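Could you have a look at this structure, given as structure tokens, before my questions?
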Amino acid sequence: MEENIKGRISVLSSHIMASEKAAALTAVPSDSPTIFDKIINKEIPCNVVYEDDKVLAFKDISPQAPTHILIIPKVKDGLAGLSKAEERHCDILGRLLYTAKLIAKQEGLEDGFRIVINDGPNGCQSVYHLHIHLLGGRQMNWPPG
């Protein structure tokens, strides 16, 4: 029975990854509001775990680990992805990483966690608003992709 459950989880994981890959390959960067802009503006509900004047963090609706939180800057300021970062973005980039550390502690991830930033189609980025995935609560594998 345990093998059957593991098999189902494997199939489901493969389907989710295929869906994410398909979404990333069809996503197009634009100046239009993203789903994250709508979440920031409270047009779409989410499960907020942290918020301050610069950053919003919420639980991913399709978690890939027991703890899977997205951390986003409240103002996009040209940061569609990490490859678009300029020197003027250093403060917010540092703030995002420090926020990840605070949330990891808040979520009880003392044994470790993983930070992921997808960038561009080959990096499996499906939303063009810089965001950090904070993953934890289980043993991570290597290589990740």
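Cβ atoms are placed via backbone N, Cα and C, with glycine included.
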Name the residue range among 19-23, 129-133, 139-143 that TrEMBL annotates as motif 'Histidine triad motif'.
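From TrEMBL, the annotated motif 'Histidine triad motif' range turns out to be 129-133.
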Work out, from DSSP, the number of helix, strand and coil residues along the domain 'HIT' (35-145).
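With helix first, then strand, then coil, the domain 'HIT' (35-145) has 32 helix, 25 strand, 54 coil.
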